[in-house]
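For 3-23, 34-54, 68-88, 100-120, the entry in Swiss-Prot reads transmembrane segment, with the evidence type sequence analysis. Per Swiss-Prot, Na(+) binding site is recorded for GLY75, THR78, and the stated evidence type is sequence analysis.
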Amino acid sequence: MNVLLIFLGCGAGGVARYGVSNLMYLLMGKQFPIGTLIVNITGSLLMGILFIFILERLSGNIQLWRSLLLIGFLGGYTTFSSFSIETFNLIEAGHYFGAALNVLLSVALCIAGAWLGVLIGRQL
């Protein structure tokens, strides 16, 4: 059952990532990997909220919710591999400031998003 839930969650998360990324690129252009950055920040925020909510607020078989939402949906939604290749492409194109900014913003804002998510999750 867990494998099926992870499969379904990953599919939904991947579709959500595709939609959010494309919307951000449509609105803001592709000069900077803003789509991946927004996806990873919102994914980190949701991870914090759902982690606390599932562990502290739900009763019953929390492993099913963890499989569907944390491992599945958020695993399919967020992407370290896209962050990595987009940063590499910035470096290869000589956009060193953009590459450094992408690394700094991704790390700092994703950690901040997870922290904020935990705080929000504890208030639910």
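The backbone N, Cα and C atoms fix where each Cβ goes, glycine too.
Contact between the transmembrane segment (3-23) and the transmembrane segment (68-88) is supported by 3 or more Cβ pairs under 8 Å, counting only residues 6 or more apart in sequence.
Residues 5-14, 16-17, 33, 36-37, 39-40, 43-44, 46-47, 50-51, 54, 99, 102-103, 106 of the same chain, all 6+ positions outside the transmembrane segment (68-88), place their C-beta atoms under 8 angstroms from a C-beta of that stretch. According to its DSSP assignment, GLY75 (Na(+) binding site) is helical.
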